[in-house]
Amino acid sequence: MSDHPSHDMLFNETIPDIFICQTRWDLRILVSNLPYEGLPKTKQPNRYFPGNAVKTTKYSLWFFIPMNLYEQFHRFANLYFVGLAVLNFVPAVEAFQPEVAIVPICVMLALTALKDGWEDCRRFRSDRRINHTSCRVYSRKVSGFVERHWKDVRVGDLVEVASNEIIPADLLLLHTSDLNGVCHIETASLDGETNLKRRLVVPGLNTQDSSFEPQNFHCTVAVEKPNDNLNQFKGYIETSDMKRLGFGIDSLLPRGCTVRNTDLATGFVVYTGHETKSMMNKNGPQYKRSKLECKMNIDVLFCVILLFSMCLIGALGKMSLNVPLFLTPGSHGHMDSNPLSGLYMFFTMIILLQIFIPISLYVSIEMVKMGQIFFITNDVDLYEEKTDSRVQCRALNIPEDLGNIHYVFSDKTGTLTENKMVFRRCSVTGTEYSHNENGKSGKCKFPDRKLLQRVLAGGGDWDGCGGIRRCEATDLYLDFFLALTVCNTVVVSTATTARAQRQRVWHQSTSEIDISAQRCYVAESPDEAALVHAAKVYGFMLIARTPNSVKVRLPHGVELNYQVLDTLNFDPHRKRMSVVLRHPISGEIVMYTKGADYTVMELLDFERSAYKLNTASTQRHLNWYAKEGLHTLCFAKKVLSESAYKNWSLLRQEALAAIDNREELLMETAVNLEKQLTLLGATGIEDRLQECVPDTVMALREAGVRLWVLTGDKAETAINIAHASRLLDQEDLVIHMNTDDKAVCKSILDRSLEEGRRHTRPGYPGLSIGLVIDGHTLDMALQSDLVDRFLELARLCRSVLCCRVTPLQKSTVVKVVRERLKVMTLAVGDGANDVNMIQAADVGIGISGQEGMQAVMASDFSISCFKHMKKLLLVHGHWCNSRLSNMAIYFFYKNVTYVNLLFWYQFFCGFSGTSMIDIWLLIFFNLFFTSTPPIMFGVMDRDVSAETLLGLPELYRTGHESEGYSHFTFWIAMLDAFYQSLVCFFIPYLTYQGTDIDIYTFGSSMNTVSLFNILLHLAIEIKSWTLVHWVTMLGSVALYFTVTLVYSATCISCNPPSDPYWTTQQQMSEPIFYLVCVITTVVALLPRYAHNALIYIKGAHIFHWPTFLQPAPPNQPSPHTVSLSLFHSLSLCLPQVHIPCAEQHAGPHPPHTGEASGAAGPCHPGTVDQGVEGVQRRATGRAELPETDPGAGAFQNHTYTLHHQQSPRNPNSECSPAPPQC
């Protein structure tokens, strides 16, 4: 639609042929609408592009009913019931009154249609509000901007947006009120990022030199076709002199974003409506099918098989009986043959026994899940007061999967740590300077005295004119802190501070305040902010930043305004960024580079011997920083000649203007410039652990959950964090894998497997095994010929650390583990680099941290900190899984028990398909009388208290072993249902045998007995009675007798020729009715009650605390796992444990650096620490490859180390309370 052939012909006179070809295949060629204003639509050049109106509704007013029915009939359940209702209109197979039998499916379809209609109406009102929002579009007739609705904006219009206004369409930025051509936008509605993004006018457009006149814009705009990539946008503008000006994502103002800190911005509309970035990213929620639902689908098939078997028995029974004398021939004058009668009876039985398939179970489960999500989101323990945020759920159909997680894949920075960076150490020209006081305070306020003296002395002599001696311009200390100050994307803002200061002046009536002296640094990442604040402590203050300049105040108060020639932004492939500046005094061109240590070190110039010594010292310091768990960065510089920069700049401009392979060309130009660097120094930034991370990790480990940490940091940093978070204990056997050779990787895997099996086989004093592997080795281990060995080794490990991994590797690891090991996986992260991993897992959890909201928006659940994982999984996950499992089993039992009454009756009515229960009472039984109690059971029942679940994480293992719902429990419930249906049928039958009661009196007593039996069966299963349970149970009984009494009193001829009039009143007046109800219910429920009682008595005898808490080896199921029924009884046996939170104790949160200890933060209520105390020996061993292994000769260049260390546990740890006693 957008690339119509006739659209291309409109530009044949003004656009070269090469552009026409690109328009058809690769690009869109756009022109301004101003020259064509007022012309008919057929003559508009951009008429083939869609309008800006959006429509998210599914239905229209006139076609709502047929379209909604079409949608609903996509569900097999609806087709099943509608087909049976239609089949019931056939006289030969009619089982009920057709008009009455169609009522249930009509009610279900009507309720679903009302829900869909209400949701669509909400979408319609939202669309109308958005489409009628006002904006300003330039008009040539009035020579100014006029008000228009968003829906009237078209591609090629020029739109003006003011500060705090929402952008109506995707705009190419042409002009701003800022002299530097900068516009700041907030993209929170698009990608969740709360920090401001900087957008620039198209480079080289020169619209900032004078007042911008939209009517003079006669350029041709070429852009790529619409796509949903929020980080990619490319194109060029061709001016009247045939000059191409390339632009990228930095010049795009996406629809839905808000303009901030910019008075006015004018843009050219390139995408509208559903082709904008925001609308193409508004996909519906990803549907995930829970593991319980998959099991239920299989059992529903078993129910279908049972139904067809029972119908076949009815058909065979009909065929085998002689024709009764009271039957009369049909209209054709003769009786139907036995085979034909059997066929009719088969379909009649399907109609009669249709509720054998528990279709209402799916509707009830949706209601139960909504109730469970309500209680999860309103849990005060999952509320974070600091950020005013609570847990959110974006996937309503998988809450029970939280109770069945086997593997947790976690990011490190921002997930396990706070992502609040503190400048702790730095190395300048090979000399190390520590900042311990910053670590104690948590803020960068205290400089190192020696370093400060060196900085003040190294800057040279300053004259009164603000100059600096050129002979000192190359001072490396000065360059190091200049790199910290300028090599970033930090935005200097004073608007927020100014408003705050003005408010203080208004309230306090103080004297004039220097607002300009207060500056606010807005950084895209916390580490950039930490570096800028660290430089500020040493006197290097970032004053202002524009696209073309950066202003810095030096320690002696001199302000220098550097010209920014180019910026090479950070990308995940290069893992570094660079900025090219022109020195304001010397005029020389200097490039400052910042990046990961291993990417910068390989680009250094090693020609000078003295320089090699500084590099070796810096590398040694970097290793120290990594072992302390610090984030490391290297800084370097390069002085460029004028000719070298000009030649490189020409290549850079060509790459910017390119359309094909633009990203690759830009990458190539950046790599060509970032060579032969001079090392300035390195920094170590501390990122502290979040509260209660060690306690949460220990609880998940005791619950049988394997934890993997996937991080891009160095192995030393990840290992330090792993020990501090208790992901690895000092007594663990740790396997390190780091090699560049595939043969060596295979040998390491073989030797590691042998060592792992030796430590985990029965009878051997088992040790917990941990695996540390780097990204390159991981790539080889995931190849097809080694992946099985790697996964087998990983299954033996309790914890795995994958270091130096990319976002793609994170998602690959999750997919491989989930698909090959057939386990439930959960991924948790906080940044955009974790999105792929979160979406690849069965359950994705996003943490709303310092890196925006992209992970949250892509997740199924969102939390504010890692410690909430403990209660979310161990408590709510266990409850949701247990409740839904028990409710699903109960629904199967309830339907089979009730339907079998009709089946047994067929043996005594000649297989005629007759029902002894009135059709209305039959419908009301499942629709009203027994519907609410199971739902409340699924929403509010608690088999174990929250305190017990937090104190005994081993109880979470029940979800792994599917004790709540399995094919075994399903068939046990089926057998119980058949037994109870036999009792509920034959005791009343034998009681009233030989009497003169009518069919509906007999059916009424059986219906009442079934009600008591089904409700009391549920009462046995309920483990925690609440007022809601009592109200629903007693209310169901009261509703049943009220409806039946009123119905039998008023229904004189409701079901001709039979009449249920006054049957219930007459029956309730006879004592035999009550005796039948009591005896039948007791006999039917006696096996179920005895079974539960025996399990309770057995559980009370075998339960012993020390034995129960002993963890199982990582490769074996826990030998102390107790059955689900025992877990049900634990809430009666165990006391209500409440362990006070350590936040009540005095003392700051200790850092994670140094030796790992148990006290790494305040703990959550209900934690149990099972650390081994008193073990004070240390042992370190190294395993080597045999001489016959391939690659053994080069093994000394690779790492394969088995560490086994044991250290004492802190007995006074706040996260180590004494366990409660039963």
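Along the chain as shown, the residues are counted starting at 1.
Just so you know, glycine gets a Cβ as well, placed from its N, Cα and C.
Here is what TrEMBL records for this protein:
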type     : residues  : note
ACT_SITE : ASP411    : active site, 4-aspartylphosphate intermediate
COMPBIAS : 1196-1215 : compositional bias 'Polar residues'
DOMAIN   : 45-101    : domain 'P-type ATPase N-terminal'
DOMAIN   : 856-1094  : domain 'P-type ATPase C-terminal'
TRANSMEM : 298-321   : transmembrane segment
TRANSMEM : 341-363   : transmembrane segment
TRANSMEM : 905-929   : transmembrane segment
TRANSMEM : 968-991   : transmembrane segment
TRANSMEM : 997-1020  : transmembrane segment
TRANSMEM : 1027-1052 : transmembrane segment
TRANSMEM : 1072-1090 : transmembrane segment
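Applying an 8 A CB threshold to same-chain residues 6+ apart, the list for ASP411 (active site, 4-aspartylphosphate intermediate) reads VAL709, LEU710, THR711, LYS810, VAL828, GLY829, ASP830, GLY831, ASN833, ASP834, MET837. Broken down with DSSP, the domain 'P-type ATPase N-terminal' (45-101) shows 28 helix, 0 strand, 29 coil. A contact between the transmembrane segment (1027-1052) and the transmembrane segment (968-991) is absent, since fewer than 3 of their C-beta pairs, 6 or more residues apart, lie under 8 Å. Here the transmembrane segment (905-929) has long-range neighbours at 93, 95-97, 100-101, 103-104, 107, 314, 317-318, 321, 324, 345, 348-349, 351-352, 355, 360, 894-895, 898, 985, 989, 999-1000, 1002-1004, 1006-1007, 1010-1011, 1036, 1039-1040, 1043-1044, 1047, 1051, 1054-1055, 1060, meaning same-chain residues at least 6 beyond its ends whose C-beta is under 8 angstroms from one of its own. Counting residues 6+ beyond its ends, the transmembrane segment (298-321) has Cβ neighbours under 8 Å at 338-339, 341-350, 353, 356-358, 892, 896, 903, 906-907, 910-911, 913, 967, 970, 974 in the same chain.
Here the domain 'P-type ATPase N-terminal' (45-101) has a mean pLDDT of 84 out of 100.
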